[in-house]
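The block underneath contains the structure these notes are about, expressed in structure tokens.
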């Protein structure tokens, strides 16, 4: 028998059980609840509103029972396994199973999916769902979540239905953040506390048949919510924050005096269109406070960039002064001294990755490239950094947007796409592949040399890298890259190696990220040694001999920027900061020859610029991931950090599901650090005096690559 038919028969049978035939159900008798609404003729033909009526009727019929969901689960479990836990013979009639509101909602979503597939691919036969395929996807998600948690939580559903509850204590929500399903239907609740925002793992929320007059705005923070049942309350409208529930499949509103525009939108397009309408029509959120500029007094401060407002102690022991920064505070500080410069690292979020499926909490107009590019450019101009390291820049935006816009501002740029761009047969497709870009101010730096790196090629050529199954299955099939620029500081003659990279994203491949960094640092070391040996080299900008010599490559100023997709407890962070990694958990069970047998190391003295303040709260802000994965590494023996751009206003993020948002155009935030050169000996054993080239001919010695 077709499962859809049997499912409908079960529903009809259950609805006609005693107490189920009354169209008013519990809605008419439960304390304070509305009676069901009788839809206008204009709604009767809507399949979406018919499903609302069907779901609401089942809610009224099954809801009055105390702990109705828990009882249904127990009944269904006994039918499946028997009272003694033994598997029951499927051929024997065990009686009807207990259908819940969630079961019916999941079934309607699956039916809609099948209809959509049939409509878009009519020529492809579509098989009906088998019993195995119809397993509740919410339960599958629950099992996956439980397996991934370090502290195993063996239950994730809470049923408090039919208890006559008049209020809920906020600690309930803060203590049960792991909940996936919460049933508080058929009570006497008049409000939901704002603390409900804590339940960010929630997939199902049933608040039907209460006395709610409104839903709290904080409900918009429940970004994992799939099913929201609010039948038979006193809701006349919905907060616009419901528009942030981009994964919502079903919202139940029948039995509420809901306003006509919401009712019509739900009847015409269903839940998805209603959520989209609320998202797109939401008012502009309040602008965040400006990011603060943090002055590292240990390095001598930033001449007059800002007045210190407060002092705190960083993890490294250095005292930092915090001051509110204007849009161009970094540039103001850098210009105060001839031996300082600023570096920005920014994953700008490639346009092709901005999908509704990934970022459905953001209005479409704010997700579009026009708005994001304008906001990105405004931010870059405001901070006026001397060196820019961008990740996730596709070829088209580099050529058509970034290069011409930044050229007008006095920058020259370099670009290297990910390796898959070379496999594209069409130039248009190749230009959609993202990569890394480096821009530098030609009045501050001139380009000596550039080097492009492909990690898969480096692994293939490296003799210490054993060609194992892990090598072929995990490393060689990744297309991540790095870009290196050797720059010379115009006023001091100091050379600096600027490196920009974007490592593999998947947390299941932390070993690959560590290998990629080891390969990168090995290449940078070889590059630096070659530059040091050739330190008598004089650029077109320094014909009068303002040239600095370096005893070895490790003495060269070095900055490595990027999206490393690695947290501070990762092997990547350890290798950078400690100079060596052996037996790290990220490499557990992997075989990469000497890289795993003897560990990995480098000879630089590297430090994260933001480690001077204990790192930021986050650099990547998405619904299911908020952490630090972007860094600006520098050679602490050759450079000093003078200042850092602070984090995002926490009051702003407390109301944001994730980035990008109207005000922040990427899911990453920009990092900005001000450095000063430590003194290096010149050819005569003394530091050379900085040259003043003025404004004339400021572009003559640079070349754009």
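Every residue gets a Cβ built from N, Cα and C, even glycine.
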Ranges in play 652-678, 679-705, with Swiss-Prot marking region 'Disordered' at 679-705
The DSSP breakdown of the repeat 'LRR 3' (201-222) into helix, strand and coil residues is 5 helix, 3 strand, 14 coil
Restricted to the repeat 'LRR 2' (178-199), the mean pLDDT of the model is 96
Tertiary contacts of the repeat 'LRR 3' (201-222), defined by C-beta under 8 angstroms and 6+ residue spacing from its ends, are 26-27, 30-33, 56, 59-60, 63, 69, 101-102, 138, 141-142, 145, 156, 161, 177-195, 228-245, 252, 255, 655, 657
Checked against DSSP, the composition of the repeat 'LRR 4' (224-245) is 5 helix, 3 strand, 14 coil
Secondary structure of the repeat 'LRR 2' (178-199) by DSSP, residue by residue, totals 5 helix, 3 strand, 14 coil
